[in-house]
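What TrEMBL says about this one:
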COILED    29-63  coiled coil
DOMAIN    178-227  domain 'FP protein C-terminal'
Amino acid sequence: MSEISKVREGQIQMEKDINESLNLCHAKLDDNTEALKSQRESIERHEEEIDALKTVNTVLKKRLTAVEYDLDAEKQERRLNSIEVFGLPVNGTETPAQAFYGLCNAIGVTIEDNMIDDCFKLKKVDTIKYPTIIVRFVKRSDKNNLMSKVRVRRNLSTAILGMKESSPIYINEALTSTRKKTLLAARKLVAEYGWKYVWSRTGKIFVRKSDSSKIHAVNSIEELNEIFGARK
């Protein structure tokens, strides 16, 4: 066989090997393309499932929030006839009710035994000077009458009782722990943004920027953040 023939056969074999290699590469590319397509479809399915789960999660969160709000509203309903008195001294010879009656007389409100369903002290904690007193009225109107008189008074203190050492006395509506947190957050934001009013009435919390501005009812810290977030 001549050298030329050998070279030609070598070229033919080389071309054959190259073609086989190319065909193999094409086959692998096809396999990879198919695998990528399958993976892409799988990813898309998973993304759709994740989106569906997010939607379900959002719905469930809203339902849970609604249930929590309803439960809190029920708890607050049971507190609507009650108030909390902070900073009122009770000496060893009087009951919490007698101390409370004395405070009310000093304020200018007459409270009689038949108006009160219960009056008792909570366990004293180290961070406060006097134990908190809980007063539950028989009629909500009597409680509201007292609170209306308290609201017009500023800087109520033990001085009104004739004590030499003056310390603040606070009379607040009895709120659930959730509403207390909301009220505390409202007070901080009102001070931070220079608003004028924050108060609670019949278990509901309100904020107001000025005497002529809109009154905002607040049901949650989220609503509070929305109110002040839009008014930075």
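Cβ coordinates come from backbone N, Cα and C, glycine included.
Note: TrEMBL annotation is automatic and uncurated.
Under DSSP, the residues of the domain 'FP protein C-terminal' (178-227) split into helix, strand and coil as follows: 23 helix, 14 strand, 13 coil.
Summed and averaged per residue, pLDDT over the coiled coil (29-63) gives 85.
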